[in-house]
Amino acid sequence: MKVLVLGAGVAGVSSAWYLAEAGHEVTVIDRAEGVAMETSFANAGQLSYGYTTPWAAPGIPTKALKWLFKSHPPLLFRPDGSLYQIEWLWQMLQHCTAARYQINKERMVRMSEYSREMFRRFEAQTGMNFEGRKKGTLQIFRQTKEVEAAKQDIAVLERYGVPYRRLKPEECAEFEPALARVTAKIAGGLHLPADATGDCRLFTENLYKLCQEKGVRFHFNQTISRIDHNGLRIKTVETETGRFEADAVVCALGCFSRTVLAQVDLNLPIYPVKGYSLTLPVTNSDGAPVSTVLDESYKVAITRFNNRIRVGGMAELSGYAIKLPEKRRETLALVVNDLFPEGGDLNQTLFWSGLRPMTPDSTPLIGRTRFDNLFLNTGHGTLGWTMSLGSAKLTADIVSGKDTEIRSDDLSLSRYQA
């Protein structure tokens with residue numbers, strides 16, 4: 001079967017890999033000049049299988065209001081002039097109940113745990129190097145009230161069988177030795193040993209090469225201009241320079257899935273939530289992080305690659321425009337310099353921003369649509385890297401008409417159309 005994948009980020013390229021593995025003739029198109037040029041370019045680098053949590057949770061509306069008034073807020077809201085922004089926020093608020101949280105949490109954990117297994121199989125199969133580490137995530141709390149608040153999160157971890165260890169301030173240095181220098185700034189910690197790290201862009205670039213070896217064709221600089229359909233079947237996808245036909249189409253366009261599929265009257269509840277990152281060279285390995293450190297106060301993650309440190313975080317709801325405000329850079333620099341002052345060189349940084357495709361319930365959109373041959377693999381929010389291989393394998397199985405290894409019916413767009 002001929003399959004056309006829209007999007008060459010980690011979701012699209014991973015989908016192409018599993019579709020090719022299943023024996024399909026696969027073509028991938030993207031508007032960028034290469035793979036992983038947008039949301040997958042410089043994300044935080046966490047493979048946070050264990051700490052998969054919906055944004056929409058009880059108490060979040062109150063917390064969000066408090067965050068907005070911080071000098072270095074983890075959440076920023078700027079009206080983008082659209083009614084849709086308000087509609088999306090209202091939808092998200094409907095999921096901030098204990099009942100909805102449990103439903104969404106179960107879906108996310110199921111997807112993340114499946115992705116963990118897919119990464120295990122993939123690495124065993126390919127031996128790919130993407131600067132990955134399997135040394136867990138260390139969440140640190142700067143205030144006693146944060147330690148107390150974490151008890152609710154720990155109860156969720158226990159409910160879903162996620163391994164963890166609560167830490168006293170001095171115990172945090174067992175996992176991140178460089179933090180011994182700043183123990184006085186830490187009130188406690190939580191270690192998730194099953195989490196991992198890796199460079200999403202490097203992974204996607206390497207997977208692109210493996211896909212080519214399997215015969216997958218890539219067409220870059222292809223901006224989609226039109227999608228033609230006959231009844232409930234997609235016929236062609238047209239770009240400014242080409243026309244593509246396929247038996248099946250997989251949409252993995254991240255935030256732009258919504259705008260592109262609006263052409264065929266599909267209403268995808270995806271909003272672009274902006275995140276920021278800094279990448280800096282390691283100057284002193286002993287003073288740098290070993291894996292990922294998540295600063296609960298600032299909602300910033302600090303991740304170690306081989307010779308680089310990636311600092312990522314924040315959530316900004318302000319539309320599709322990509323800007324790089326110096327204030328956001330200052331927040332990221334403040335956190336990494338406060339915890340790892342001797343680890344990296346802040347005079348040599350790459351400052352980046354990307355758009356996360358977020359759904360109101362924080363769960364991705366995977367599977368069938370009302371069109372017989374149009375499938376989704378999008379809407380992963382902050383967990384696109386974590387869920388990448390699991391989502392892609394699930395998508396490939398659905399496209400192929402195979403039984404999936406995990407439940408997938410409640411991940412489709414239909415949950416928003418009931």
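Just so it is clear, glycine is given a Cβ too, placed from its N, Cα and C backbone atoms.
The feature FAD binding site is assigned by Swiss-Prot to 3-17.
Features recorded in Swiss-Prot, as mapped to the structure shown.
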residue: Val3; record: FAD binding site; contacts (Cβ under 8 Å, 6+ apart): Leu19, His24, Glu25, Val26, Thr27, Ala246, Asp247, Ala248, Val249, Val250, Val399
residue: Val5; record: FAD binding site; contacts (Cβ under 8 Å, 6+ apart): Gly12, Ser15, Ala16, Leu19, Val26, Thr27, Val28, Ile29, Val249, Val250, Ala252
residue: Gly7; record: FAD binding site; contacts (Cβ under 8 Å, 6+ apart): Val28, Asp30, Cys251, Ala252, Leu253, Gly254, Ser257, Thr378
residue: Gly9; record: FAD binding site; contacts (Cβ under 8 Å, 6+ apart): Asp30, Val35, Ala36, Met37, Glu38, Thr39, Ser40, Thr204, Ala252, Gly254, Gly384
residue: Ala11; record: FAD binding site; contacts (Cβ under 8 Å, 6+ apart): Ala252, Gly254, Asn377, Thr378, His380, Gly384, Ser388, Ser391, Ala392
residue: Val13; record: FAD binding site; contacts (Cβ under 8 Å, 6+ apart): Val28, Val35, Ala36, Thr204, Leu207, Tyr208, Cys211
residue: Trp17; record: FAD binding site; contacts (Cβ under 8 Å, 6+ apart): Leu207, Leu210, Cys211, Lys214, Val216, Ala392
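Secondary structure from DSSP puts Gly7 (FAD binding site) in coil. In three-state terms derived from DSSP, Val13 (FAD binding site) belongs to a helical segment.
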